[in-house]
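Contents: one structure, followed by commentary.
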Amino acid sequence: MLDAFSRVVVNSDAKAAYVGGSDLQALKSFIADGNKRLDSVNAIVSNASCMVSDAVSGMICENPGLISPGGNCYTNRRMAACLRDGEIILRYVSYALLAGDASVLEDRCLNGLKETYIALGVPTNSSIRAVSIMKAQAVAFITNTATERKMSFAAGDCTSLASEVASYFDRVGAAIS
């Protein structure tokens, strides 16, 4: 995993050059937006349990067969596994947002996820739906448009961070499909 700083150093080192120019400007921007980034991660992790349970509930409401005998969320053990997977995905999305880099998400969460779900018979369309619900929730929290819970954020526009987190959820959806 490379955070924004490590990535700049590795790129400059590969060119045998000092850190400067656009790389240095990108780091300045990353630091300037640091409080907004931390607030965005905090909004996700502070609401993680509710986000995951709401996403799984929404997925089940749209596909009640999941909790019928033989469904993938039938029995407490399977439901717990579904909730656990949602928590893991959300945790790695928050890591990626904190680092400003998707490599931790790709390497430690998405690598082999589709194959695992296929082997376990997990319906991918339902999983993708749960991920899309979490994506909408995360964007709402980051842009402070969640109707039930407002967060205090550092001054400034957070739409770029909302777009960034949305792209991480899109990667999860693409990895599962």
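The count begins at 1 with the first shown residue.
Cβ from N, Cα, C; glycine included.
Taken from Swiss-Prot, the feature phycourobilin binding site covers Cys50, Cys61, and the record attributes it to similarity to another entry. The N4-methylasparagine annotation in Swiss-Prot covers Asn72 and is backed by experimental evidence. Among the features that Swiss-Prot reports, (2R,3E)-phycoerythrobilin 1 binding site is placed at Cys82. Look at Swiss-Prot and you will find Cys158 tagged as (2R,3E)-phycoerythrobilin 2 binding site.
Within the same chain, residues at least 6 positions away in sequence whose Cβ sits under 8 Å from that of the residue listed as '(2R,3E)-phycoerythrobilin 1 binding site' are Val56, Asn72, Cys73, Ala130. Same-chain residues at least 6 positions away in sequence with a Cβ under 8 Å from that of the residue listed as '(2R,3E)-phycoerythrobilin 2 binding site' are, in sequence order, Lys36, Asp39, Ser40, Ile142, Thr143, Asn144. For the binding-site residues Cys50, Cys61, the largest tally of other C-beta atoms within 10 A is found at Cys50. The local packing around the residue listed as 'N4-methylasparagine', expressed as other Cβ atoms within 10 Å of its Cβ over all shown chains, amounts to 22. Asn72 (N4-methylasparagine) carries neither a helix nor a strand DSSP state and counts as coil.
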